Every structure is written in structure tokens, then in C-alpha cells.
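Annotated in Swiss-Prot:
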BINDING   Gly49, Ala50, Gly51, Lys52, Gly53, Thr54, Arg167, Ser176, Tyr177, Gln239  ATP binding site
BINDING   Thr70, Arg75, Gly96, Leu97, Val98, Gly125, Phe126, Pro127, Arg128, Gln132, Arg200, Arg211  AMP binding site
REGION    69-98  region 'NMP'
REGION    166-203  region 'LID'
Amino acid sequence: MGASEELEYLKSLVAQLNDKIASLEAKAKGPASKTPAQQLRTILIGPPGAGKGTQAPRIRDEFCVCHLATGDMLRDQVEKKTPLGIAAKKIMDAGGLVSDDIMVNMIKDQLENNEACKNGFVLDGFPRTVPQAQKLDGMLAERKEKLDSVVQLLIDDQLLISRITGRLIHPASGRSYHKIFNPPKKAGIDDLTGEPLIQRSDDNAETLTRRLKTYHTQTGPVVDYYKAKGLWHGVDAAQSPSVVWDSMRGIFAGRK
């Protein structure tokens with residue numbers, strides 16, 4: 001083999017090695033974003049219309065965790081007539097509020113039996129009070145787990161009202177759109193299923209003003225609780241959904 005031929009042969013070997021290295025690096029990086037070595041356990045806090053319904057599915061898909069929306073969980077347990085669902089329905093039919101213990105046990109049931117929760121969870125709609133937060137911490141401690149972040153979506157009330165009065169919902173999935181800020185590809189139609197979108201009857205300024213007042217009254221102590229634990233992160237939710245998502249990813253990437 002001449003010198004020039006040997007040189008070409010070595011170059012081809014180097015090229016093959018570089019291709020192999022690139023392939024292995026891609027494989028190594030690929031699963032990391034989808035199945036993180038460290039589990040993600042986070043809570044998403046925000047007033048109605050702040051973007052929880054947009055961001056929570058992104059967290060779920062990016063980190064392969066389960067999205068635990070407590071309202072949906074409660075309805076599901078009631079429909080399936082589970083022991084927890086039967087107990088909850090009895091309380092609701094009597095006009096009462098479902099107890100903190102029942103809600104925490106519903107979350108615990110998901111963590112124990114929902115395969116999608118094996119890498120962690122994003123919790124949406126709970127806790128709303130400090131006692132609920134304490135019970136949640138206690139349940140996680142029993143499982144030798146703990147929260148690693150609490151993200152609050154921050155937005156001015158008046159901007160929020162203008163957002164919500166244009167909100168459109170896909171009833172079956174909970175996917176949300178907005179007539180101006182995040183419109184569906186076809187007006188009034190869900191992008192994925194082609195089914196019609198609706199506007200909730202309580203998405204009006206008067207109702208929203210009352211709901212926001214309740215939200216601020218409830219949330220303040222819970223936020224202070226998590227701030228004291230060093231878990232709280234605030235994100236400006238007045239920005240576009242993609243910018244909000246980038247901010248949230250930065251928080252999750254920096255978790256310990």
C-alpha cells in the first residue's frame with residue numbers, strides 16, 4: 001500500500017470513528033431530555049388563565065412525568081366509583097368540600113399506580129392552603145420523596161381578564177386556545193381532533209374578578225410557605241407561551 005493510499009484509508013477510518021462518536025453522543029443526549037436521571041417533582045401555581053393548561057402538558061411531555069390536575073383526578077375517581085371517589089361524591093352531594101386527606105390520597109394513588117408518574121409529576125390545582133401543602137409534604141416524605149420546585153405564573157389581573165374572556169377550551173382534553181394570543185389553526189376547532197371548542201360560561205369579567213380575589217387570598221400564604229423552603233420560582237406569564245416555557249425549562253435545568 002502506497003503512502004497516499006494509506007493516508008486515504010486512515011482518513012476513512014477517522015471519518016467512520018467521528019460518525020460513530022456523533023451517533024453515540026446523540027443517543028446519550030437524546031434520552032436525557034426525555035427520561036431525566038433526577039426525577040422532576042414540581043407544582044405549578046397560577047391564577048385561572050395564566051397558562052397552566054398550556055405549560056403543564058409541555059412539562060409532562062419534555063420530562064416524561066405525569067400531569068396531575070386535581071380537578072380532573074377528582075372527576076375521574078368519582079366517575080370510576082373508586083373508594084376515594086365514592087367518599088368524595090358523598091361529601092360534594094352534601095354541599096361540603098372534599099377533605100385534604102382525600103385529595104392527598106388521590107395524589108398518592110396516582111404516584112403508586114400510574115406508570116406515567118415513575119419519573120415524577122407536575123401538580124396543578126393543589127395545594128391551595130398551607131395545611132394542604134404540609135399534608136402533601138408528609139405524604140411525599142413517607143415515600144422518601146420531596147418537591148424540587150414550585151413555579152408560580154405571575155400576571156397582572158387586568159391583562160389576565162382580557163386573556164380569559166377570549167379563551168377557548170376543548171372539553172374532552174382540556175386543551176386551551178385563545179382567539180387572539182393562541183388561536184387554533186381553524187377557528188373554533190381543536191387542532192388535534194377536529195372537534196368544536198367552547199367558551200366557558202364563567203369566563204366573563206365579573207366572575208373572573210371574584211375568582212382572582214379568592215386566588216390571591218388563598219395563594220399568598222402557600223407561596224410564602226414554599227418561599228421559606230427555598231422552592232419558589234416566579235415566572236412572568238405576561239410573555240408569550242414560548243418565552244414562558246424557556247424560563248421554566250431554565251428553572252428545571254438548574255434544580256439540585
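Backbone N, Cα and C atoms are what each Cβ position is placed from, and that goes for glycine too.
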Problem - Sparsest Cβ surroundings (other CB atoms within 10 Å) among the binding-site residues Gly49, Gly51, Gly53, Gly96 - result: Gly96
Practice task
Give, as a single whole number between 0 and 100, the mean pLDDT over the region 'LID' (166-203).
Solution key: 90
Practice task
Using C-alpha atoms only, work out the spacing between Gly49 (ATP binding site) and Arg200 (AMP binding site) and round it to an integer in Å.
Solution key: 12
Fill in the blank from the handout: Around the Cβ of Val98 (AMP binding site), other Cβ atoms found within 10 Å total 19
Fill in the blank from the handout: A 10 Å Cα radius around Arg200 (AMP binding site) captures, of the binding-site residues Gly51, Arg167, Tyr177, exactly Arg167
Exercise for the section: May I have the DSSP-based helix, strand and coil counts for the residues of the region 'LID' (166-203)? Expected result: 0 helix, 11 strand, 27 coil
Handout entry: Largest CA-to-CA spread of ATP binders Gly49, Ala50, Gly51, Lys52, Gly53, Thr54, Arg167, Ser176, Tyr177, Gln239, angstrom
Key = 17
Handout entry: Arg167 (ATP binding site) and Arg128 (AMP binding site), distance between Cα atoms, whole Å
Key = 23
Fill in the blank from the handout: Cα of Arg167 (ATP binding site) to Cα of Thr70 (AMP binding site), in Å and rounded, measures 21
Fill in the blank from the handout: Spacing of the two Cα atoms, Thr70 (AMP binding site) and Tyr177 (ATP binding site), in whole angstrom, works out to 21
